[in-house]
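Following: one structure in structure tokens, then a few remarks.
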């Protein structure tokens, strides 16, 4: 997308630009800043998607010990079920938000109407961040307790894989938290200006 | 505090109030709405203080079984230490915020400068809400695991007291979350109007 009059001359502006030029200048800067902001959100969303998907896959694939009676599986434990399902929900949500973000960058418009979109993003970011943190805290506590109690080394791979899944979940939570900050900022911009652009 | 010209006549206003009257009307309504908002915050803060203090006391006093070797104490378990300390921190913070809220209602001014106060409240509400939720999720997972593994009923009182403490902690988290919503609203008002008043 090219600006019809490229009037960004390295920080130096002509002393008295006409009002039309100045408004075009502001509009161009605003569009560019908004694009950079959207790309930043896209990166955070994509990172949250990768980490939570990896967390879900590690937990769903966490069964060891064959089919005999001493096998341990992730769905035998409440907290690990919670970790797996929370990570899967966050991965699905992040995938949707990555799509919405790409749509917005490529077409310059939001998927839903703007007011719905900014509030949808912010509220879901908050709720899912709380959910993921809660699941991973519970998973950490369970993994620690199991490891202390169970001195049998046959299940060591199970515990290591649980720890990896929980750690990946915490990384996903971190990026979801960053996304939540940015979408909160967009809500404030929307309330301030009546548009999601922050200028 | 009495308004010099009481011009709130049951929702009916004279058709053409002078600009001076109208601004006084707006100011009076704004002060009253702000006071109601502050009282609501005070109630939530006080509830969060009560629940988190009760949670901390229940956990700190959680030792059973006498001084012999089979006694169980809260500080033997990581997650219960986390629950006790997080609840104690939230109780201290809520006590401070109750004081700040009472100060603001009685004197009409914030303890810190206004811009510091609104951001301080919101950021600490967010961080402490995440911390308390994380602690209580970990505590829940630990309590469930211990209860499943340990079939000895001698320690039943210990588990019941842990559960009560964790449940009180969740109640404290809920009220802290409500406070966080209201203080987030105050931040938006401050950015919008340059003051914490929401009109």
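Glycine is treated like the rest: Cβ placed from N, Cα and C.
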Which listed span TrEMBL calls transmembrane segment, if the choices are A:14-38, A:39-63: A:39-63
Where TrEMBL places transmembrane segment among the ranges A:75-96, A:97-118: A:75-96
The domain 'Casparian strip membrane protein' (A:35-174) - residue tally per DSSP class, helix then strand then coil: 117 helix, 4 strand, 19 coil
Contact set, same chain, for the transmembrane segment (A:75-96): CB under 8 Å, 6 or more residues outside the stretch: 45-46, 48-49, 52-53, 55-56, 59-60, 62, 124, 128, 131-132, 134-136, 138-139, 141-142, 146, 162, 165-166, 168-169, 172, 176
Same-chain residue ranges lying at least 6 outside the transmembrane segment (A:39-63) that approach it to Cβ under 8 Å: 71-74, 80, 83-84, 87-88, 90-91, 94-95, 97-98, 101-102, 105, 132, 158, 161-162, 164-166, 168-169, 171-172, 175-176, 178-179, 182-183
